[in-house]
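Written below as structure tokens is the structure these notes are about.
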Amino acid sequence: MKKNKTPILLFTLVLLAALLGGCGGAGSAAGGAADGAGRTAGGSAGAEPAQKASAVQPKSQTYFIFDTVVTVRIYDERAAEQNFKDLDVLLKEIDSRISRTDSSSEIYKVNANSGIAPVKVSPETFNLVAKALDYAKRTDGKFDPAIGNLVSLWNIGHEGAHVPPEEEIAEARRLTDYRKIELNEAAQEIYLQEKGMSVDLGSIGKGYAADRIYDYLADQGFHSAIIDLGGNVYAMGAKPNGDEWNIGIQDPGKERGNSIGTIRVKDKTIVTSGIYERFFIENGKLYQHILDPTTGYPVDNGISSVTIVTDKSADADALSTTLFVLGIDKGLEFIENTPNTEALFITKDKKLYATSGFKQLLHKTNDSYTFTN
Ligand code: ADP
Ligand code: MG
């Protein structure tokens, strides 16, 4: 049996976006609550009931990019149509730099020139690859941005995904090696030493985009916004009345928008990687989209989701993937050595493993999930 939920889910969300996400229209947020409560990190539609109406109605826009529904909601009367147009341009610009599949992108050119020649890229792309490489080094390659061959071989989240032949997995695994990514800082060049190697920034790109949106909004003088890239949430600043944002943590066992509880934060990013995002089922076994470079197979370690709370969304995104691959023990150890960062693991058997800081933040509303520590 094969099952692939993503296209249907995306279709539904796009439809929702088309119906509700008018350009800059006052307060027309897709599935959101009146005062910005109830974004669900790891989910897309807001789940929490609307709380007291706030004086400032958000202006919002929904985009579809990076294979994801992106919603930006600005809680400021000054937000104008032009801001949403600028964001559209910004998102397209990011995609046209870091997409693995768009043949005009910088990353595509880096991959196409693997084993042939270094490629000069923009400082943004260079720095993002450098950041991804840092995580690869810190995890001895459990997180590996050179994972493009495995990602395209498994094709998880796309139509027709199935378990590939063993020899193809072995070959893709051989080409997945961050130690063969050469960065030349002075020349701003990236060189992949082996022909056929492929960089994939799917683990960090959406977080990076959230940071870029944040910077744009800050630059325009906005202090209050919810930036949501398919569960990668940046809760910018505070609510217009100065209160904390209330962000739902997706229940990995339920449809998007159902939460296990909420966390109250100001100016933080909340990013979740979960098995429910992109997967297929073959012979009764679920294969999700985070891969273990050492085995070449999807990680299957009892984890349902990992949520990170920190200050930069690119880091949160990389970390959610990293901790997923590392597993609970090594993941918690890793996060202890990462400043200003909190993490929550949810297991398939509904246990919660959290850093002490996350435990303090979480207002759990679902009793079927229990803390183990
Ligand atoms: P999503 O984009 O669904 O939110 P994540 O942020 O968790 O997901 O990143 C998963 C994506 O990262 C995969 O779709 C793939 O492109 C890439 N990836 C998968 N496994 C790894 C890994 N071990 N290291 C780095 N990137 C990975
Ligand atoms: Mg990630």
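Using the three backbone atoms N, Cα and C, a Cβ is placed for every residue, glycine included.
Residues or ranges marked as Mg(2+) binding site in TrEMBL: S203, D317, T321. What TrEMBL records for 1-29 is signal peptide.
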Neighbourhood of S203 (Mg(2+) binding site), C-beta criterion under 8 angstroms, separation at least six: A132, F143, P145, I290, D317, A318, T321
CB contacts for D317 (Mg(2+) binding site) [other CB atoms within 10 A, all chains]: 29
Number of other Cβ atoms within 10 Å of the Cβ of T321 (Mg(2+) binding site) across all protein chains: 28
